[in-house]
Amino acid sequence: MLHPTEVEKFPPTLLYFGNEFPNDDVNELFRRLQQHSKDRRFRLLNAYLEESILVLQDEVAKLPHHIKSRVPYFDNIVTLSEHGYLRDLGLGAAMESAFLLILQLGLFIGNHEAVDRELNLPKNVTTVAGLSVGLFSAAAIALSASLAEVVRNGAECLRVSFRLGVYAGDFSSSLEAPQPEGMLASWAHVVTGMTEESVQSELTRVNEDLGNPETSKVFISAADKSSVSVSGPPSRIKAAFLQSSDLRYSKSLPLPVYDGLCHATHIYSQDDVNTVLEISESLIPATRPFQLSVISSRTGVPFTATTASDLLSEIATELVMGTIYLDNIIEGIVRHIGAFPGAQSCRIDSFRTSIIFKGILEAIATDHPDLTIEKNDLVDWVHQDFGTRRRNDPANSKLAIVGMACRMPGGANNVEEFWQLLEQGRDACTTVPPDRFDLETHYDPTGKTENAAQTPYGNFIDRPGYFDAAFFAMSPKEAEQTDPMQRLAIVTAYEAMEMAGLVIGRTQSTRRDRIGSYYGQASDDWRELNASQNIGTYAVPGGVRGFTVGRINYFFKLSGPCLCIDTACSSSMAAVHAACTALWAGDVDVALAGGVNIITDPDNYAGLGNAHFLSPTGQCKVWDKGADGYCRAEGIGSVVIKRLEDAEADNDNILAVVLSAATNHCADAISITHPHAGHQKDNCRRVLRKAGVSPMQVSYVEMHGTGTQAGDAIESESVLDVFAPLKPLRRPDQRLHLGAVKSNIGHGEAAAGISSLIKMLLMFQKNAIPPHIGIRTEMNPQLPKDLGRRNAGLVFETTPWLRPEGKKRISVVNSFGAHGGNTTLLLEDAPERHRQRISPESTDGRSVYAISVSAKSKKSLQGNLSSLLGYLEQHPDTDLADLSYTTCARRTHHNLRVATVVSSVSALQKFLRSAIDSNIATTVQSVPSNIPSVVFTFTGQGASDRGVRQELFDDFPAFRTQVLQLDQLVQRLGFPSVVPALRGSTDEEVLSPVVSQLSIVVLEIALSRFWRLLGIRPSAVIGHSLGEYAALEVAGVLSAADVLYLVGRRAQITEQRCTPYGHSMLSVLATPDEIDRVVRRVPETSNVEYEVSCQNTHEDTVLGGAKADIEAIRKVLETTSYKCVPLAIPFAYHTSQMDVVVDELEEIAKNIPFKAPSIPVLSTMLGTVVFDGKTINPTYLRRQTRGTVKFVAAVETARDLGLIDEKTVWVDLGPHPVCVGFIRKLSPESRIAASCRRNEENLSTITKSLVTLHLAGATPLWNEFFRPNEQVYRLLNLPKYSWNETNYWIPYLGTWALDKALLKYGITPVGAKAPATLPAAGLRTSTIHQTTLETIDSMTATLHVLSDMQAPEFRAAVYGHTMNNCGVATSSIWTDMALAVGEYLYRKLVPQAKEVHMNVCDLEVLHAQVISKVKGCSQPLALEAHLDLDMQYMSLKWYNTNAATGERAPEWFASAAVRFENPDAWTAEWNRTGHLVLGRIETLRRLAADGVANRISKRLAYTLFKNVVDYSDWYRGIDDVIMNDYEAVANVTLIPDRHGTWHTPPHWIDSVCHLAGLIMNGSDASNTQDFFYVTPGSDSFRLLKPLAPGAKYISYVRMFPLSAEAGNMYAGDVYILKDDVIVGVLCQIRFRRVPRLLMDRFFSPPTADNAGVHGTPGSQRSQAPPAATHAATKSPQKTLQVPSGHVPNKASIVDTNHVQASHPSAVPVRHDQSNGVSGVSDSDSSTSITSSNSTADTSTTPTESEDADSGLVGQCIKIISRETNLDMSELTPDATFAQLGVDSLMSLVLSEKFRNELGIDVKSSLFLECPTIGEVKEWIDQNC
């Protein structure tokens, strides 16, 4: 006992922690705590709140996915408290206790810090009391000797409390099905006016009367003198109060206890407490002694524990098993106060006043009336104002870079190729490619030409226009107008995320709302130059910089911040710094960061050159004496950054760790663009100080290093002075290595910083420093001379950079902006990881693994499969477990999927080879956009298996916990444990019917929860016999406790009342009618009695009855070849044997609460589907036990109701997949999955089923499957996604970037210069004038060229072939161009080829090219060709091009192909037919000699030609002709002059081939008076040897009418012979008959306006200029049919021999439009011939013969095709507008086009309301 003087100094003190919140606004209290925690005076409060949140985040992360995924993000207590208790997630008890602990201990700590008082509670005079959860707060204080210890102990007590709440809530949900969301039902009521004894007596009687099983009893949880609290499941409490008049009429109130039971000794045991304490992972030392005593709320005396672990155990035990006696608490407190007789006062700390606290005060005052009570309210301080806040230090977490991707110059299209470029010391510098801009016109080294570049050099990435638009849900038009920087930013962002294994939402740190993007961009070349040539719909979202990051966030659905940053040359590094800052500030948990730069605008070259930034001699010469400026470069880079602790928790591969970052500005520089050494040093020192790193620890600095005299000198000074000072000097082992990536790839400007960072990351990864190649002559003399003394310098060859043993490498990356900004990043090695393994033989103990590959397109899927196979071939030692983890858990899964289950790498390789060889990608069906329905099927007793193998139980703690929890319920209900049965015990008791049936139900309920953990949630349930009980639990009709009680009691009653094996059951493969027919016709069984117990399928019937009868039936059926299988069960359920069971079962069930199902129940008792809460009741269970199992009827009803379909996945949740076997028979196309299977490992079965679900579109939560052992797996760096790319590129045409400089002189440029006048690199002929794109890969080549028909040689060639006094291009011109391009590209790919033999195939020309008579105008054409060497095939398409804008038309006017073939095959073919051709020639000559055939002279021949075409002298190669009807032979002599640069001059080709045209337009067998004949093209043109100048040839042809065309079309083969040997053939040249009256219409010269502005002859006034695109080629747009009358069917080409008539690009018109299309008809058929030259203004109406899609609906679809640049074949009925890239902007464009062109008014929302093509077509058909 204390001395009286000590009592005066230290009066008795009580700290009381109740179980109620203060009456204040709790959210406001939390807000106040949060505000104060930001003040430096409340550091411990801040620490406690942060520690508490970390504990809760950690605990939430451990919850099952279906719960944690719905927990809103929280990063502080205010965020969490404002979301409430989350009762609908089953977290009410856990969250309520957490809030109370955080509030109480936060207020306690803050109360002390507010007055700067340390914790000083004398042990002898202080005691701590708590009520219920408040005991954990009391424990935290009792275990702490200081406030700092309260922080740690409080957080860990919070952990135990939260876990206890989760456990109690989870366990309680098994006692009674959860209430519907939003409804609260109390689990406790307080009763006043009755004694504890009378209440207990009444409860004992009521529990017995209601038949409440042990787990559902109503019991006393708390008591005092005036009240008693009773607890139990809400429905049981309600029933008890209704059953007992004493309770019903007592004064009672429900308590706010909504989340389960505590204080229940009959439910919980010490095992439950031990489970909570084991999984809580408390950090409080188990042996920590008490500081203060804690009074028990049950006994009123201090707990007897002596250590921390014992105290927490006793508190937890009291909470779950101990009854609260308030009187004992009060007596214990009064006893403590009275222990100090000399005391004049006592101090009591509490949180406001409650009823219980008032009782404590009254008791003290009564027993000690002379004692002064000093009340200290721990809440008051929080409302005080403490003046100006003193800010805490910001967070300094280390950050982890976990993913990267890039496109760099020099062909470095991924990070591996980038490293190869660096390691090999390659220089990526080149001249500006022609697809960027034309150097010949835009480069002037003298600087005299305004706006011209003064240097031709740069560093450029490959294929900047190539993009997978469909993957990113963009239409071709949107993709084309979108800046390539935007496109490649999102591509590299995806690739970096893929490398990082970042699956959005996989973990707490990867939630969508916690990911942001930060990119640097400093130019808008595409918007300012390329796209501005024809500003389209997507000019703003496709070109404005902010959309670069906006597009990333939008596509990935990230709602975190997105910032586009422009700090000139340091933009990307500033963006990385911004991302790091956001992570340090807690704004995001994951940051995508990077930079972009694509160069297309010569203006920036001019500007930088005029400012003397650029080197006139080439690459950046960093630290070279001749450094003369930087060399521009392109680059795209992305990285993924996370906090280090998150990356480690998420099992990420960490490339490097960011220690700190800083940015400042050279404010003291001599000019804004001049660097300043002092500020650079400041920035470097700042990052070192923030990280606590010595400069001597830094072993590498990646310099900004631009290769300028000033920049290199100043940066070298700043770097060396900071990191390699003269005092103290670096030790010999502390070499400082330096380097600069710009010496390899130039200055990427906005992408420079990210290029340097990725190089740095690669160095960490490769453990090497690549050589510096910047010094081309000698070291810059301005640099420090003492590098040796400083132990610093460059590396000139690849040098090992190894991680020191037990230490980390530290490096610095510098990036400076021309505007004066400096950004510095400090990095270190990733933490070392040590591989864990379950066993030496296996990573995770599993024998089979799921491997998944997916894509969004079939081409990409095939590519991804090939890439994976290639990876395995390069890495044969790949760990299959890691590969499975990577492809399943760490990949985003797309709609096209291939997956398999394998046990070895070799088996996987075999599967992949087979898939690739069979081209499986073409047959894979896309998974449905809507998740298919999933039905859980629960098998009955027939599937019982002795022991479910232990893999699931051992490997999945969540499954094990569920089984053990359910087993505890089983034992509490008085039944034996089922765990031995599940583990395969053969003990007699284990094999009893009670245990057998309970083990099945426990297994099935646990499996249902396990599947839910894996993300598979049922849409409906169906149970077979016993399995229906488990189905009812999953559907929420019955609680788990009630189900187990009913099943156990039913089994007990059956055992008691029925004779085992007196009856039996028999499964028969026959219908009931077949069985009855066989049984009744056999005398031995004609009178036996049996029942149909189960109708499983139409031909699978289970019979039941007396054992002897069933055995007799079996013998009869087997003799008639019916398959029979006796069921090994002791009782015959669903037969008369159950008659003695059902009455008692129904009585027991009457005391059970039944609820409406939360999901449909396919009732096998009723053969229907149950939705309501009335149908399933005690009577239902009675009938279910006795009646027939109507499995077939239940399934068929569900199908009729639309609940299931062919896409439904059926998951069997039993010991063996019996029920899904029935489903397979009822619906063979159904997908089925099993949970367990006899004679197969559980994990193998589960893995196969997961793959089945995955392929069906019910994507599992793969991460949960790997989660129990996640740390043993490694994320593999697999090949990146195989993109299905198309080139979307708008070339800059003309010289208007230069021309605008003339305006200030009053000179107005007249149009753009003709492409023909622009010299270009590469191929150049008389018809090919400028190369706009040339890409050469190993096996493919692409060439885009521009030509001008008005160029002299081209114009002359066209005018050599005039029709109707117009120069019309002959198809020989297109043939020559095809041959020229074909040989050019082929030799690029096969330079060693001696000869190139080409077959020009499938030439088709839709629109004749009529040359304008206006002098000085331009008529540009575009030709696009792509050669595939594997296919030996090249495709070609010709387009009209807008002379003003340079944009090509969206549709081609001509197309062809070139096949590269073996000429030996030609010779063999022609040798077989040569004698026949020579025979016909000889016959014609004889007929001419006999006067039967006509011999025609050269002059007469070309006079006949003039009926249609007038050839110039060049083309007149025919010397004479013999003609007989449609057959002719001609002697030909080619003129010697080539008249230009050609592959094969067109006038030579025409001379040897146009005999066919002479027959059709000059033969007396042809009606040339009314018609002329034009050719749509030919099938093939082959020449064995080049045509020779002046050489003599023979041409022979016979034309035949095509029967399908009814005389309107003729075709023939033109044979070309030299010296009576066939040397060439023009196969199947076709001619179509056209009424002569249409000659003027088709062949009128274009107007000056049309030719000079639109660049296409006769463009109609209503037609918009053609859209520029280099997207995938499209089929030509069909034109409006005109009434039948005079025009041949399908005519499209106008050329007496090789000339094509043109179609208009006008769309069909409505009756209310002024501009129409004139037409004529032919008696045979309708036609679509129109002319682009036609400007007729008469309206016509389309014919009624058009098919469904050529009316208004078809016109709408064509507009959609045209405006999106999508091929018509892509517009299938099921194609969604979202997939096609039709966004809100495109919707507006389409609705406007519909209105303007078709006269129909539709809202743009139509494409949202009708999301597919088919729905839009139907809507238009019905409403327009």
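Placement of Cβ uses the backbone N, Cα and C atoms for every residue, glycine included.
Annotation comment: Swiss-Prot describes 396-829 as domain 'Ketosynthase family 3 (KS3)', evidence class sequence analysis. Among the features that Swiss-Prot reports, active site, for beta-ketoacyl synthase activity is placed at Cys569, His704, His747, with the record citing sequence analysis. Under the heading region 'Product template (PT) domain', Swiss-Prot lists 1325-1644. Taken from Swiss-Prot, the feature domain 'PKS/mFAS DH' covers 1329-1640, and the record attributes it to sequence analysis. Here Swiss-Prot flags His1361 as active site, proton acceptor, drawing on sequence analysis. According to Swiss-Prot, the active site, proton donor annotation covers Asp1550, on the basis of sequence analysis. Residues annotated as region 'Disordered' in Swiss-Prot: 1649-1690, 1702-1750. For 1747-1824, the entry in Swiss-Prot reads domain 'Carrier'. What Swiss-Prot records for Ser1784 is O-(pantetheine 4'-phosphoryl)serine.
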Review point. What Cα-Cα separation, expressed in whole Å, is found between the residue listed as 'active site, proton acceptor' and Asp1550 (active site, proton donor)?
Key: 10
Check your understanding: According to DSSP, does Cys569 (active site, for beta-ketoacyl synthase activity) fall in a helix, a strand, or coil?
Key -> strand
Practice item. Measure the Cβ-based neighbour count of the residue listed as 'active site, proton acceptor', defined as the other Cβ atoms within 10 Å of its Cβ. Key: 29
Revision key, fill the gap. Looking at the active-site residues His704, His747, the one with the fewest other Cβ atoms inside 10 Å is His704
Practice item. Could you give me the DSSP helix, strand and coil counts for the domain 'Carrier' (1747-1824)? Key: 53 helix, 2 strand, 23 coil
Exercise for review: Let me know how many other Cβ atoms fall within 10 Å of the Cβ of Asp1550 (active site, proton donor).
Suggested key: 27
Study note, to complete from the structure: Asp1550 (active site, proton donor) -> DSSP, reduced to three states, gives helix
Review point. Three states by DSSP: which one describes His704 (active site, for beta-ketoacyl synthase activity)?
Key: coil
